[in-house]
Amino acid sequence: MEEHIRTPIVCVLGHVDHGKTSLLDRIRGSKVVAGEAGAITQHIGATLIPFDSIAKMSGDLGRLKTSVPGLLFIDTPGHHAFTTLRARGGALADIAILVVDVNEGFKQQTIEALQILRTCKTPFVIAATKLDKIPGWRPTPNASFQKAYKNQSERVQTECENRVYELVGKLSDMGFNSERFDRVSDFQRNLVIVPVSSMTGEGIGDLLMIMIGLAQRYLTEGLKTTTSGPGVGTVLEVKEEKGLGTTLDVILYDGIISVGDEIGIAGSDGALSTKVRALLQPRPMKEILIEDQFMRVKSVVAAAGVKISAPNLESIVAGSPIRVIRGDHDEVLAKINEEMQEINIKLSDVGVSVRADTIGALEALSNELDAKNIPIMRASVGPLSRRDLIDISVIKEDLFKVALCFNVPLLPDAEAMVRDEEVDVKIFSNRVIYKLLDDYLEWRDEMIRAKEAKQFETVVLPAKFSILPGCVFRMSGPAVVGVRVLGGTLRPKVSIATRDGKIVGEIKQIKLNKETIGEAKEGAEVAVSIDGVTIGRQIDVGETLYVAIPERHVKVLETEMLSHLNAGTVEALEEYTGIFRKTQPFWGK
């Protein structure tokens, strides 16, 4: 069985508006005539850039001797495409480009992308984009970076250096050694930064040739495949196509797939098998006027993007593995089920419910939630249903009566429930993972603050105080005295107790400078009216008194609110509970 080196699969990641799509467009739009030998060809969901085309763009760098046939770029940029494309329990992309705007530096999604790449152990190169936006930059269209750099003034060169070194510093903070590509001697120890401009083409050839060089040096063993082995791939997208019904957009990363092959694939209820009815690829650009946008092919060899038409594809989920079956039907289906079970999602007895459109996206979202210590109770692929909402609605903890939906809709029956307010479930939906998490965390923090505020309003707060000498204004009916708050927060309409725990009266009103106030904090000296006492009988001048806290409130204070109480309030609470716990150790617990 003859082996050959297949084309490495490349994914482009980065922060929104940092130039991912522009970079892909520039690479795809490189001026190579459609139809000539070594032309750039469009695949389903991907673009193949042959080595010959890269060599033409790379000038002197293009003299590199390599067995790597080119680069297969996934057309959809971003985390979503990267996480969707899973293979053998990791990312399908062999190598990635992390796009960073050289003028803006690292942003939220850049850091998120770095974490994903690190988790998946995917090698990557930094493309420092928007080189042409450096103030004073003089473009040299399609030139290598070094040639373009030499054409700049000393001031612009310095500015360029500074911006690259800001990236180097940030990467160092995150545990990566990095350097501009032309200064790197050890590519295993250093992350490569290639400054580029998608607008002018500067540095693009350098970037592509660096990718080829890294693939040649470090990835060739993993890129070995055969033209006769059974095809293995990953479903990028499930699509309805006119005249074809449900189809699968697949990235094939090993072996060969042909019309008539039996294939094993993962559906929502487990692995199933079906037969390839047709294999389709886009027509070349010169044939674009033909009404049928796809052309039928007999077979496809890895690495390639292909559209598959076959029966019974309705339940297939994006991100699932696909394998050609050759006489080992049950074994292949068992292997697919095993791969699906390898998805690493930690579930808890209580937590949020998560929905995503692909397996990889579900895994990525779950990892992000885990990193933020947000427990997950349910995690599944596909739209949110009525059944999901009913299950979530019976959860007791309000903070977990939540559905986080990444890139998935609500089914009509679920939409109707939400519209008619039949269920008390909070739904968060977004197409960007970090925004989805930010929205949930913001809501959760707001809910916690509201709950705490309500507790502070309804729970009797600890306080201790003493009657000031010379400040008895009325002895009884009610007694009116001046007091100093020694700890905690004193409020009206609370009972008061002596040092032996005996309840002796109730504070009716608190005044400061003849104005009625709602509370007095530690250190305040205020006038209070007390019902049910006579000064000199139940209580005396100079005596330390406590707010009488109901036993059930003590439990709430100690288990839910303690971290929000200041030292004086905690001291007052401990002194008051200590009175009762001398004889009843578990009082208020």
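Cβ atoms are placed via backbone N, Cα and C, with glycine included.
As given in Swiss-Prot:
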- 14-21, 75-79, 129-132: GTP binding site (BINDING)
- 5-219: domain 'tr-type G' (DOMAIN)
- 14-21: region 'G1' (REGION)
- 39-43: region 'G2' (REGION)
- 75-78: region 'G3' (REGION)
- 129-132: region 'G4' (REGION)
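What Swiss-Prot annotates, mapped onto the structure for a quick look.
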residue	record	DSSP class
Gly14	GTP binding site	strand
Lys20	GTP binding site	helix
Leu131	GTP binding site	helix
Handout entry: Other C-beta atoms that fall within 10 angstroms of the C-beta of Gly14 (GTP binding site)
Key = 27
Handout entry: Residues from the same chain, set at least six apart from the ends of the region 'G4' (129-132), whose C-beta lies under 8 A from its own
Key = 18-19, 22-23, 99-103, 139, 145, 148, 160, 195-200, 202-203
Exercise for the section: Let me know the model's mean pLDDT on the region 'G2' (39-43). Expected result: 57
Completion exercise
Same-chain residues at least 6 beyond the ends of the region 'G1' (14-21) with a Cβ under 8 Å from one of its Cβ atoms are 77-78, 98-101, 104, 106-110, 113, 127, 129-130, 198, 432
Exercise for the section: Have a look around Leu131 (GTP binding site) and count the other CB atoms within 10 A of its CB, chains all included. Expected result: 28
Fill in the blank from the handout: All chains considered, the count of other Cβ atoms within 10 Å of the Cβ of Lys20 (GTP binding site) is 26
